[in-house]
Each structure stands twice: as C-alpha cells, then as structure tokens.
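Report on one structure; see the data block that follows.
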Amino acid sequence: MLDWLATFTGGGLAAKATAAVTTTGAAVSTAAGTPGMPWWVWPLLLFITTFVLGIVAVLGGVGGGVLFVPIVGSFFPFNLDFVRGAGLLVALAGALAAGPGLLKLNLANLRLALPVALIASTFSMVGAFIGLALPNNVVQTALGITIVLIAFLFVVSKNTEFPQVGGSDKLARFLKIGGTYYERSSGKTVDWSVWRTPQGFLLFIAIGIMAGMFGLGAGWANVPVLNLLMGAPLKVAVGTSKFLLSITDTSAAWVYLNQGAVLPVIAVPSIVGIMLGSFVGVRLLATAKPKAVKYLVIVLLLAAGLRSLLKGLGIWN
Amino acid sequence: MAKPQAEMLKSPAPQEAPAKASVAPQVEVAPEQLAYANVLLYGSWLGIALLLLSNIIYLTGLVKPYIEPAMLPQYWGMKASEFVQVAHMPTGWGWFSMLGYSDFLNFIGMALLAALTIIGYLILLPAYLSKKDVPYTFIVLAEVVVLVLAASGVLAVSGH
C-alpha cells in the first residue's frame, strides 16, 4: 500500500518524520551553520544569485553549471553533495531547453552526439558515485583545482570557427559522423566531418567522470575536444556540446536523485533562477562586450575555485 | 592533406547576403532527430512547469511536507548519506511512495526531466532499426541500458 495514502489521514510517515526531526534536531542544529537566519533567506539569495549567474553564463558563453557549483558550493551553507545534485539538474534543464532548437537547426548532430554521449554518460555515472563516496574536503579540493584550471583554459584557449580536418578517420567513416548546417553569417551551407575520433572518444571518459563527480555541465571541456581536436566547426561543437549535456548529466542526475542528494529547496530556485537569467542574458547579448564578459567569467571562476580549494584544505571555512 | 572546413562550403551565396532566415536553404534534418527534438521541447517545459507548481505547493504549505522547510537548515549542511540516515529519507524510487508529502511532489518534475532522454532514445530506436543502422542501433540500446541502470537505483554507494 502506498505510504502517501496514510499521510492524508494524518498518520504514518508524518508522525515518523516529526519524531525524527524532534529527536535529531538538537544534535544536528550545529550543522546548519547559520543560527538565527530565517530559512527562506538562503533559497531567496540562491534565486538571486542564480539569476545573475544565468545572465553571466549566457553572455560569457558558458553553461550555468560550471559557475553554479563552485560559487554556491563555496559561499552558501549547503553541503557540496546537494549543490552538485542541484548543479546537475541546472545543467540538465538548460540543455533540455536548448536542445530542440539546436537539433532542428542541425547545429546539434545526433551522429556526432550519440557515440560521445554513450561514453560520457556511462562515466558520468561512475563519477557521480565517486563524488558521493569521497569525503567532502577531498571533493571540494579537487573541485577547486579543476575550476582554477578551467579558468586558465578560458584564458589560453582559442576556438576555431572552421578547423583544419585532414580527412575522416576509420571510426568516423564507420559511424558516418558528419553533416551539414546553414551558416547564416555567410548565407551558405557548410558540410563538415571529423577526424581523430578515437582520441576524442577517450577524452570523453575523463569529461564524463568530471561531470558526474563535480556536478558540472562539461561544456567547457566538450567544446575544445569537439572543435579543436576532432575538427567539428565551432557552431556544431557548441550546439552538439549543449545537447550532449542533456544526456551526460541525465545519468549522473539519476544517481544523485536516487542517493537522496537532491533537495528541492536548493534545486528548484536554482533551475528557475538560471533559466530566467538566461532569458535576460540572451536579450543583453547584442549590447554586451564579449571581452569584458569573458574576463568577468574568468574572475568569477578563479574566485570560486580558490575559495573552494581553501575550503577543501581547511584554510578558509 | 588537412583542409579547413570552410573550404567545403557549397552553394555559393548570391551577392546579397540573405536578409531573413526565411530565405535560408533547407538543411536536411533526419526525421528521428526532429522527433527527438519535439520530445525534449514539450517534455522539458512540462517538467519545469511541474517543478514550479510543486514548489509553490511545498513552500505555501498547501500540502503537508515530510520535512518542514523551516527545519531544512538543520539538514542541508549534512552529507547526503548522513541526511538520508538521520532524516529517514527514502532512497532509489522510495520517493514515489511518499508523493503525499509536498516536498516529494517536487520529484515528479525532476524525474520527468531526467527521464526525457530515455524517452527520446526509445523514439530513436525504431528509426535506426528500420534503417538497418547497426552501429547506431547498438549505441542507442547501450545508452538506454546505461540510463535505465542509473535511473533504477539498484546501484548504490556507501557514504563517508
């Protein structure tokens, strides 16, 4: 019999929950770390923060997850487990919302995305289990190092709109990876193919593990691999990467959901905040100065990465 | 020899660049790709709407929650494994049997968002089967297995 039927009659789990909360309340109250602060302040602050992050993410050309996890994980009182669970859902919701348009324009290509997604999603599940099993300080330290490295990647990496491709490799030919999209800026259709497919696939093992372990959307890693290594045109790499997150993050998100690592009071304001911020960001895109926004993203990543690192090492709690 | 993708441009454009998207040439998109896109389009907005609705129900107290929002600060600093133990939270699909509590109503929207990819892949499967595209049939089947395994909750982790 479903337990929830009992709740409507006022018995069963409601009583158990009340008892559990009462008996453990005193013991765990120190875990809150914010005595005297009304509970609703944090979700409200989270909503405002994620709204701003949504704007910055669009203007900076990054997924929200890569900013969300280090910033919220470092500056909010939530355990990193719940932040990573929410981060995956934030990245998932954003990718799902963007996916249809990208697929219809052929900027996200299934023949490129599906093999890569199989590898990345399998290993993101592995990464999720690793992340949930490791002690917080270890994950926080590793996250800090990763985010600082991502910030440097943003400084040094330069994408190529139409990379040099020296003919498809055997694997790309076997999987018939390639396609056509319409390039509005030149008014032409572009045929594309990829190469160095085995090397690219291998790198997606590491990308998947990091995505699941840290709860990051891994667009920052997907795009360089698809564009610079495998030779997909930049727009196809960006579009396919965004779509790819909807698959990669799904497997890790299920792990976090099933392990009780998702708190609606953290996840829902984050999803709504980032999505509303993204809508505003898209409207501001035409007037934004790309370089200034890029530097803002780098500064945010460095600040959050260093804070996460110091927190993980117990230097600044 | 390596050549830039830009050299593969075809259909030279007329002198005047097209002013409107409506004059863009039709790029062939596989029908299964379009079907998948529509699953994501309607499913993701439905999921987000459900999330919003259930969160309003939760925060306004219209339906009794399992854990009162005011008590959450006592838990949200804990590691997930500790939270599950201390608050007697269900794991796996245990949340499904607790949908009478408003906090668990939120899981419907989240589960829908996380299930969309599986639904989309089940739409792709017959398309690749009918095309006798063996590699992609295998890839789609393997992905469904991975995602169903992740969703099933049979795999578990012991926390520290």
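Going from the start of the chain as shown, residues are counted 1 onward.
For all residues, glycine too, the Cβ spot is worked out from N, Cα and C.
Curation does not apply to TrEMBL; its annotations are automatic.
Annotation source TrEMBL lists signal peptide at A:1-19.
Among the features that TrEMBL reports, transmembrane segment is placed at A:44-76 (among others).
Annotated transmembrane segment per TrEMBL: A:82-103 (among others), in sequence order.
Summarising the annotation, TrEMBL assigns transmembrane segment to A:112-132 (among others).
When Cβ-Cβ distances below 8 Å are used as the criterion, the transmembrane segment (A:138-156) is approached by residues 66, 69-70, 73, 80, 84, 131, 210, 213-214, 216, 220, 224, 294, 297-298, 301-302, 304-313 of the same chain, each at least six residues removed from its ends. For A:138-156 (among others), the entry in TrEMBL reads transmembrane segment.
Sequence annotations record features per position, and here TrEMBL assigns transmembrane segment to A:201-221 (among others).
Beyond its flanks by at least six residues, the transmembrane segment (A:261-285) meets 43-44, 46-59, 64, 68, 72, 78, 81-87, 89-90, 93-94, 97, 132 of its own chain at Cβ-Cβ distances under 8 Å. Marked as transmembrane segment by TrEMBL: A:261-285 (among others).
If one looks beyond the transmembrane segment (A:292-310) by at least 6 residues along the same chain, the residues whose Cβ comes under 8 Å of a Cβ in the stretch are 56, 59-62, 66-67, 70-71, 73-75, 140-141, 143-148, 150-151, 154-155, 316. What TrEMBL lists as transmembrane segment is A:292-310 (among others).
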Task: Non-local residues, at least 6 beyond the ends, that sit with Cβ under 8 Å of the transmembrane segment (A:44-76) - done: 83-84, 86-88, 90-91, 94-95, 140, 143-144, 147, 150, 214-220, 238, 242, 245, 249, 266, 269-270, 272-282, 284-285, 288, 290, 293-294, 296-297, 300-301, 304-305, 307-308, 311
